[in-house]
Amino acid sequence: MIVAPKIRGFICTTAHPEGCAKHVAEQIAVVKKGGLIENGPKKVLVIGSSTGYGLSSRIAAAFGAQASTIGVFFERPGEDDRTATAGWYNSAAFENEAKAAGLYARSFNGDAYSDTIKTEVIDAIKTDLGQVDCVIYSLASPRRTHPKTAEVFKSVLKPIGEVYTNKNLNTTTGVVNEISIEPAQGDDVAQTVAVMGGEDWEMWMDALIAADVLAPGVQTVSYSYIGPEVTWPIYKNGTIGKAKEDLEKVQQALDAKLAPLNGKAWVSVNKALVTQASSAIPVVPLYISLLYKVMKAEGTHEDTIEQMDRLFRDRLYSGNPQPDEAGRIRVDDWEMKPEVQALVGQRWTEVNTENLSEYGDFAGYQASFLRLFGFGLEGVDYTAETNPNVPVPSIAS
Ligand code: NAD
């Protein structure tokens, strides 16, 4: 079939197999340019490894440090007349590239919140790798079925306490208007914490510790975001921010649990970037458009791969992780530079539909969004017939 983007609001319901493969290849090239990560991880488990920050983490570990990787994700395979999700094609491409480079790679497609997937992954570690020395936790999900109670929790993106009104960008039309978001009600906060907080990360680490599959000196990292004050009501101080606070509490608990192994748990605060998860957050896409313009002009713009390359190379495995006062790794440091934030903040007050292309990088936003689904990549013939039914080699069909 010939595959074109089909955009519905903030999601694209199609993905291009060759385009996704090209996107993965471009990310690999970025990491390889930096050379070998000295003393990098050797055996890495990435939970949420198919898109966004998790995919880039897997690529940075494999192609930066020659690590064996196990990836866990929840994606839909393709059929003869229907495309897979982008994360499926990314994972297929990743495994093919890893194999060509002589690197071990195995993937699991299923619900990472479940006990079943945890058991399957632990069995694979035991059989194939013995132990892992790095665990990346990069899930972003709107819901979670609790493995013990079967209760289904739903995460919401809402302010807490009062209505939040601010500028918002329609990422399809480029119209800048105002949005008002009603505050969290009932158990919204508890539900969001149950999905995006730290409980599942801790369950994974407890299970890995109990199975004795963590190597001495193991590091585990989960990702968070802070951002500028203009987004705090919907992010840092909103329902998702409460979940991230919970993640930090779990990080401290995990530090204690990993101490006998000389291990370390981290929360890494990453930059705001276009991913499938972030495009669903109100207000944030307008901020990202303004941020991209400023950081591209300054020459400091990074995508997920540059961020994760820096995380592994310059922080986790450099011997100098440079934690902040709360013990977090900050690869959002360039985003949060006062001069960057001052300019973005000034433009935030002035931006409207008419001047968006002057103050913001809306074209860059849209291009980044399409690239997530394999569209707009150089060298891919989008007019050619393509087979949507692509296997992930390690997953039997
Ligand atoms: P993403 O949507 O690109 O990736 C989510 C991953 O989770 C995918 O691999 C998906 O398959 C997997 N997943 C979702 N539900 C699953 C399930 N039930 N079982 C197994 N796998 C499942 O998201 P992202 O933006 O890369 O987010 C990853 C983390 O990074 C999140 O914690 C997010 O808050 C954080 N973060 C994101 C940004 C940003 O701007 N995008 C910034 C800072 C931190």
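Even glycines carry a Cβ here, placed using N, Cα and C.
Automated prediction, rather than curation, is the source of TrEMBL annotations.
What TrEMBL records for this protein:
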| type | residues | note |
| --- | --- | --- |
| DOMAIN | 2-79 | domain 'Trans-2-enoyl-CoA reductase-like NAD(P)H binding' |
| BINDING | 48-53, 74-75, 111-112, 139-140, Lys244, 273-275 | NAD(+) binding site |
| SITE | Glu75 | site 'Plays an important role in discriminating NADH against NADPH' |
| DOMAIN | 82-317 | domain 'Trans-2-enoyl-CoA reductase catalytic' |
| BINDING | Tyr225 | substrate binding site |
| ACT_SITE | Tyr235 | active site, proton donor |
| DOMAIN | 324-385 | domain 'Enoyl reductase FAD binding' |
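Proximity to ligand 1 at the level of Cβ atoms, with a cut-off under 6 angstroms, picks out Gly48 from the binding-site residues Gly48, Lys244, Val274. The local packing around Lys244 (NAD(+) binding site), expressed as other Cβ atoms within 10 Å of its Cβ over all shown chains, amounts to 23.
The Cβ of Ser50 (NAD(+) binding site) lies under 8 Å from the Cβ of Gly71, Phe73, Glu75, Ala86, Gly87, Trp88, Asn90, Ser91, each on the same chain and at least six residues away in sequence.
This prediction places the mean pLDDT of the domain 'Trans-2-enoyl-CoA reductase-like NAD(P)H binding' (2-79) at 97.
In this structure, the CA atom of Phe74 (NAD(+) binding site) is 25 Å away from the CA atom of Tyr235 (active site, proton donor).
For the domain 'Enoyl reductase FAD binding' (324-385), residue counts in helix, strand and coil come to 28 helix, 2 strand, 32 coil, using DSSP. Summary for the binding-site residues Leu139, Val274: the Cβ-based neighbour count within 10 Å is maximal at Val274. Relative to the residue listed as 'active site, proton donor', the binding-site residues with Cα atoms inside 10 Å are Tyr225, the candidates having been Gly48, Gly52, Tyr225, Val274. Lys244 (NAD(+) binding site) is 8 Å away from Tyr225 (substrate binding site) when you measure Cα to Cα. Residues of the domain 'Trans-2-enoyl-CoA reductase-like NAD(P)H binding' (2-79) grouped by DSSP class, helix first, strand second and coil last, total 31 helix, 16 strand, 31 coil.
One residue stands out among the recorded positions Phe74, Tyr225, Tyr235 for having the most other Cβ atoms within 10 Å of its Cβ: Tyr235.
Between the listed recorded positions, namely Glu75, Asp111, the fewest other CB atoms within 10 angstroms of a CB are found at Asp111.
Listed in sequence order, Ser138, Ala140, Leu273, Thr275, Gln276, Ala277, Thr304, Leu372 are the same-chain residues six or more apart from Gly52 (NAD(+) binding site) with CB atoms under 8 A from its CB. Secondary structure from DSSP puts Val274 (NAD(+) binding site) in coil.
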